[in-house]
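Undergrad: Got these off TrEMBL a minute ago, pasting:
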TRANSMEM  12-30  transmembrane segment
DOMAIN    17-460  domain 'Major facilitator superfamily (MFS) profile'
TRANSMEM  65-89  transmembrane segment
TRANSMEM  96-114  transmembrane segment
TRANSMEM  126-145  transmembrane segment
TRANSMEM  157-176  transmembrane segment
TRANSMEM  188-209  transmembrane segment
TRANSMEM  274-295  transmembrane segment
TRANSMEM  310-332  transmembrane segment
TRANSMEM  339-361  transmembrane segment
TRANSMEM  367-394  transmembrane segment
TRANSMEM  406-429  transmembrane segment
TRANSMEM  435-456  transmembrane segment
Amino acid sequence: MMEDVIRYLTRSLLAVAFLTSFGSSMLYGYNLAVVNSPAAYIKNFYNRSVVSRNGTIMDEESLTLMYSLTVSIFAIGGLVGSLMVGVLVTRFGRKGTVVNTSVLVFVASVLMGFSKVCGSPEMVIVGRFITGIHSGISLSVVPMYLGEIAPKNLRGFLGLVPSIFICVGVFSAQLLGLHELLGKEEHWPLLLSLVAVPTFIQLMLLPWFPESPRYLLIEKHNVHATITALKWYRSKCNIQEEIEEMQEEQRSLSSSDTLSVWQLLLDKSVRWQVLSVVVINIGMQLSGIDAIWFYTNDIFENAGIPAGEIQYTTVGTGAIEIIGGLIGCFTIEKLGRRPLVIGGFTIMGVCCAGITLSLILQVSLPFMRYISVTCVVGIIAGFCIGPAGVPFLMTAELFKQSHRPAAYIVGGSLNWISNFTVGFVFPFLQMSAGAYCYLVFAAVCCAVATYVYAFIPETKNKTFVEISRMFSKKEAVLETQALVAPGHVDTLKLRKMNGGYGTLENGSLELDSSSSAP
């Protein structure tokens, strides 16, 4: 695998993967974690601002509600951003969208950075909402861009680079939030506004690199720009062969126009791809990873870790995230997508069940406290190895050019809705079910792993056209099984799929036993 990386990974590919992930994807992880450390300081600022305006102190319930809005509005902004992806990537292109949406980060940074000086809590909340919009766009566009510029041998490797930088963002927020660095009360506006620094670096350098070759050829019909872009991103590859593969995909499309979400959902030829995107994106958030972060401090405290040292232990879990992401990135082209997703969700399911068991037994068996800490580490590592990044990669791989933006809207919006749902429902679930609440997440993880094993084929080293044919064969086999019934065998006819992804030419069907299995 490393030989393929060395052979096909050019400086341009590496630079674009780094710039887009550093300047966009990393901000998602950073903004997820950055409000945890200065929570008490932000609440004090809100209280003082209200006192200066109204002369009255906020009650605890109102203060908690206002802070909760500050945290959760990031997910609402993410949902709004994910719904904008289709229009943006069609109008501006993949790289163009990344570059043009950078302005959102600068606006949000100014609002949050000067909120304390202006005595305005609203500036913090609006700034968080705007950063959410940017993250909602970036989580879809960056994997889409990298998936389209990468050769098939490196699509998995480059596709997981953004997930590593998301982990780096979480780790950076945890590290900078330490009291010895920017964790003091006077520094929290600076801590929130630092997001402008990586985006500025990205904005200075990324415009010099070409747009996605697939976008240029299939959607813009610009062969000259496509060849120029491929020469930037390839070294020893056969450019003509790759252009012919793109043209083959272009010919398979009934139209080069980008489909809407409604048209995607009505297209029966991609129903298995759509269902797969729905399952893995919902499963990614309902796996319990957000709930684990919510409960981590309590678990560490129960394990006997002194309160003053828990913040350093939390930073350690951030480092584990990065290590897990690196393991996934450097093994995906050797192991494939399916083993990382199935293995990751299975590890998380086992560890969620382990947390329930340890929390129940730790009263009578003190050593179970350390088992619960081990399970937390296992869930984080399992998530970052596969489920953290592969769903975004799969969304790029399972769809053709005209379907891909709409697929990212579906996957991204479900991801953010599930994220918000877990954050809102988990405290109530914890109060009603106690330690048993983690069994819900264990069941979700096992269900997603089973679905991937049964229905999603391996896409490693496959072109987009080859992936489409695998799904078309699965669709045709399922149609055959549905039509083969008593009294219908002699009249069996296979319907030609009209213009779908992986259309069966001339109405023919290849029944290959290996293709019907994942």
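For all residues, glycine too, the Cβ spot is worked out from N, Cα and C.
Describe the structural context of these features.
TA: Through the fold, the transmembrane segment (96-114) approaches residues 20, 23-24, 27, 85, 88-89, 123-124, 126-128, 130-131, 133-134, 137-138, 141-142, 145, 189-190, 192-196, 199-200, 202-203, 206-207, 211 of its own chain, all at least 6 residues removed from its boundaries and within a Cβ separation under 8 Å.
Sequence-distant neighbours of the transmembrane segment (188-209) (same chain, 6+ residues past either end, Cβ-Cβ under 8 Å): 12, 15-16, 19-20, 22-24, 26-27, 30-31, 34-35, 37-38, 41-42, 45, 95, 98-99, 102, 105-106, 108-110, 112-117, 124, 127, 131, 173, 176-177, 182, 232.
Sequence-distant contacts of the transmembrane segment (274-295) (same chain, six or more residues past either end, CB-CB distance under 8 Å): 264-265, 341, 345, 348, 352, 376, 379-380, 383, 387-388, 390-391, 394-395, 398, 407, 410-412, 414-415, 418-419, 421-423, 426-427, 430, 437-438, 440-442, 444-445, 447-448, 451-452, 455-456.
Non-local neighbours of the transmembrane segment (339-361) in the same chain are 280, 283, 287-289, 299, 328, 331-332, 368-369, 371-372, 374-376, 378-379, 381-383, 385-388, 390-391, 394, 434-439, 441-446, 448-449, 452-453, 456; each lies 6+ residues outside the stretch with a CB under 8 Å from one of its CB atoms.
Panel annotation: around the transmembrane segment (367-394), residues 139-140, 143, 147, 155-156, 159-160, 162-164, 166-167, 276-277, 280-281, 283-284, 287-289, 292, 296, 299-300, 302-304, 317, 320-325, 327-329, 332, 337, 339-348, 350-352, 354-355, 357-359, 361, 411, 415, 448, 456, 459 of the same chain, lying at least six beyond its termini, place a Cβ under 8 Å from a Cβ of the stretch.
Counting residues 6+ beyond its ends, the transmembrane segment (406-429) has Cβ neighbours under 8 Å at 71-72, 75-76, 78-79, 81-83, 85-86, 136, 139-141, 144, 258-261, 263-265, 273-274, 277-278, 280-282, 284-286, 288, 290-291, 294, 391-392, 395-396, 398-399, 437, 440 in the same chain.
Outside the transmembrane segment (435-456) by six or more residues, the chain places 272, 275-276, 279-280, 283, 286-288, 291, 337-338, 341-342, 345-346, 348-350, 352-353, 355-356, 359-360, 387, 394, 426, 429, 474, 518 with a CB less than 8 A from a CB of the stretch.
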Undergrad: Of the stretches 12-30, 65-89, 126-145, which racks up the most C-beta pairs under 8 Å with the transmembrane segment (157-176)?
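TA: It is 12-30, which has the most Cβ pairs under 8 Å.
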Undergrad: Mean pLDDT for the domain 'Major facilitator superfamily (MFS) profile' (17-460), as a whole number?
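TA: Averaged over the domain 'Major facilitator superfamily (MFS) profile' (17-460), the predicted model reaches a pLDDT of 87.
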Undergrad: Sequence-remote contacts (6 or more beyond its ends) of the transmembrane segment (126-145), Cβ cut-off under 8 Å?
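TA: Contacts of the transmembrane segment (126-145) (Cβ under 8 Å, skipping residues fewer than 6 from its ends): 16, 20-21, 24-25, 27-28, 31, 35, 70-71, 73-85, 88-89, 94-95, 97-98, 101, 104-105, 107-109, 111-112, 115, 159, 162, 192, 195, 212, 389, 392-393, 395-396, 404-405, 408-409, 411-412, 415-416.
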